[in-house]
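Engineer: The structure is given below, and queries will be raised subsequently.
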Amino acid sequence: MGISDTIYALSSGGLPSGVAMIRISGTRTTEVLAKLSGKIPAPRLAKLSSIRGRNDQLIDQGLVLFFKGPGSFTGEDCAELQLHGGKAVVEAVLTELAYLGCRHAEAGEFSRRAFQNDKLDLVEIEGLADLIAAETEMQRRLAVEHSSGHLSSLYEGWSRRLVHARAMIEAELDFADEEDVPGSVSPSVWADMSLLGEEIGTHLDGAAVAEIIRDGLNVVIAGAPNAGKSSLLNALAQRDIAIVTEIAGTTRDVLSVDLSLAGFSIKLHDTAGLRETQDLVEKEGIRRARNVISKADLVIALSDNPCDFPELGAVGTIRVGTKIDSNPDLWDKSAADVLISVKTGQGMERLIDVIVSRLPDLNAFSNFALPSRRRHVDCLNEARTAIHSSLAAADLGLDIQAEYLRIAGDALGRITGRVDVEDLLSIIFSEFCVGK
Ligand SMILES: Nc1nc2c(c(=O)[nH]1)N(C=O)[C@@H](CNc1ccc(C(=O)N[C@@H](CCC(=O)O)C(=O)O)cc1)CN2
Ligand SMILES: Nc1nc2c(ncn2[C@@H]2O[C@H](COP(=O)(O)OP(=O)(O)OP(=O)(O)O)[C@@H](O)[C@H]2O)c(=O)[nH]1
C-alpha cells in the first residue's frame, strides 16, 4: 500500500462536544501513535496520554486506544484518540495526522476496509448504515438485525443448503455409469429445496413491512378546499408548518412533514384542496395532490360536510369529518370513521389510534429479520424463482436442475457480497458518513 494507506477521520458527531473520537486505520498506525503520544498502549486498553504535535507542543490530554490488526473493526491496525471535543483541539490533531502522512478518510472508507478484510459482509454494512440513520425504534430494531449478522447467518444457512444439494447432484452426474443416464438424486434433496423455496417466500412476505419501517409510511391528507387539511397537518405535527386561512385554495404545493407514531416513521403530506378551477397555479397544485394520493400508503380524506367526501379511489382511506365544534348536528355516526375538531382537540386521540391501527401488525412477525432493501428483495426473488425452476425441470435432466441451483446460490451470494458485487460497492459505501 502507498504512503496514504493510513486514513483518519473524526468519527464522533458535531463539535464542540464533551469528548470527540478520531479514528485511525492502516499500516502506519503505530508509527503515528508513537509520534503523537510517545508510546503505543497495550492493545485494546484505554491509556491516558499527552497528545503532542510538532516541536513537542502539547495539544491535549486524552485517551488512546490501539487495536492490533486483524483484531480491529477494519481488520487493520487501528487507533482511537478520545479527545476533548473542542474545535481547535480536533483541528490541531487532524492537521498533525495529515502532516504525518495520513489521509482523510472518504465516506464509508473504514467500513469498506472491514468488508475487504472479511470483517463484515454487505448485509452487515448496509445494516450499520441503517442503524446510524435510524430515527425510530422500529428502524433501529430492523437495522440491528442486519448489522449484527443475524440476517447474514440466515442467508449463509440457505447458501449451504444449496451447495449441499448441488454437491449431491454433481456426485450423481460424475459417478453415474458411462452408458447409464444419471439416476435419481435422493428425494430428501428435492424436499429440502422445495422447503427452501417456501422459506424464502415467507421471508419475502416481510419485505413490504420492512420497507415501510425503513422508508416510512406515506400518509396523505386530502379533501375539498377549506376542509381543514392544513390545520390537521399542523395539529399532528404540533408545529405551525402549513398556512391556514379561511380562503379556500390556500395550499397549492404538497407540504410534507416527518412524524414518529407508535415507533413508525410517517411521512405526512398536506395537499391542495380538490375542486374544479381555472387558476393555473391551483390546477398544478391539484395535479400534484392527485399524484401523491396515487402513491399513498394511507389517505386521510377530510370533509366538513358528510355529503361531500372526496372520491379518491385510494387503497387505504380513513374518512374524517372535520370542524365538529361548529357543526355537530351535521354528522351522524355512520358518515365518517372519525369526527374531529382541531380547534377543541376533540377526536384527535381517536384519529391517531385509527391511523396506528392501519400500520402493519408487527405481531405477525416473530422477529425483525426482514429484507429491507430493494437489492435484497431482487436477489431473494431471483433465488426463489431459480429454485422453483430447478424443481420444475426434472424432465430436462439433472445438469439443468443443477444449473438452476447454481443461479439461486449466486443470487443469495450477491446479498452478502460473496459473489460478484464490485459495481455495487461504491453505491453502498457512499451512503455512509465520514468516519464510519
Ligand atoms: N470506541 C468505539 N466504540 C464503538 C466502535 C468503535 O470502533 N470504537 N464501533 C465501531 O463500529 C462499534 C462497536 N463495533 C466494533 C466492532 C468490532 C471491533 C473489534 O475490535 N473487532 C475485533 C475484535 C473482536 C473481539 O475482541 O471480540 C475483530 O473483529 O477481530 C470493535 C468495535 C460501536 N462502538
Ligand atoms: N371551527 C373550526 N374551524 C376550523 C377547524 N379546522 C380548521 N378550521 C378553519 O377552517 C379554515 C380552513 O382551514 P385550512 O386548514 O386552511 O383548510 P384546508 O383544507 O387546508 O384549505 P385549502 O388549503 O384551501 O385546501 C380555516 O379558517 C381554519 O381556521 C376546526 O376544527 N374547527
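Keep in mind that glycine also has a Cβ here, set from the backbone N, Cα and C atoms.
Nobody curates TrEMBL annotations by hand; they come from automatic prediction.
The following feature annotations were taken from TrEMBL:
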BINDING   Arg23, Glu80, Lys119, Lys436  (6S)-5-formyl-5,6,7,8-tetrahydrofolate binding site
BINDING   226-231, 245-251, 270-273  GTP binding site
BINDING   Asn226, Thr245, Ile247, Thr250  K(+) binding site
BINDING   Ser230, Thr251  Mg(2+) binding site
DOMAIN    216-360  domain 'TrmE-type G'
Engineer: Filter the binding-site residues Arg23, Glu80, Ser230, Thr250 down to those whose C-alpha lies within 10 angstroms of the C-alpha of Ala272 (GTP binding site); answer none if the list is empty.
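Structural biologist: Neighbours among binding-site residues, in sequence order: Ser230, Thr250.
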Engineer: Could you check which of these binding-site residues, Arg23, Lys119, Ser230, Lys436, sit within 10 Å of Thr251 (GTP binding site), going Cα to Cα?
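Structural biologist: Passing the 10 Å Cα cut: Ser230.
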Engineer: Restricting to the same chain and to sequence separations of six or more, state which residues have a Cβ under 8 Å from that of Thr250 (K(+) binding site).
Structural biologist: Pro225, Ser230, Ile243, Val244
Engineer: Counting each residue once, how many in the domain 'TrmE-type G' (216-360) are helix, strand and coil under DSSP?
Structural biologist: 44 helix, 34 strand, 67 coil
Engineer: Please name the residue among the binding-site residues Ile247, Ala248 whose C-beta has the most neighbouring C-beta atoms within 10 angstroms.
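Structural biologist: Counting Cβ neighbours within 10 Å, the top one is Ala248.
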Engineer: If you average pLDDT over the domain 'TrmE-type G' (216-360), what do you get?
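Structural biologist: It averages 88.
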Engineer: Can you tell me how many other Cβ atoms are located within 10 Å of the Cβ belonging to Arg23 ((6S)-5-formyl-5,6,7,8-tetrahydrofolate binding site)?
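Structural biologist: Taking all protein chains shown, Arg23 ((6S)-5-formyl-5,6,7,8-tetrahydrofolate binding site) has 23 Cβ neighbours within 10 Å.
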Engineer: What is the separation, in Å, between the Cα atoms of Thr245 (GTP binding site) and Arg23 ((6S)-5-formyl-5,6,7,8-tetrahydrofolate binding site)?
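Structural biologist: Checking the Cα atoms of Thr245 (GTP binding site) and Arg23 ((6S)-5-formyl-5,6,7,8-tetrahydrofolate binding site) gives a distance of 53 Å.
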Engineer: Which one of these binding-site residues, Asn226, Ser230, Thr245, Thr251, has the sparsest Cβ neighbourhood, judged by other Cβ atoms within 10 angstroms?
Structural biologist: Thr245
Engineer: Just to verify a number: CA distance, Lys229 (GTP binding site) to Ile247 (K(+) binding site), in angstrom, no decimals.
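Structural biologist: On Cα coordinates alone, these residues lie 13 Å apart.
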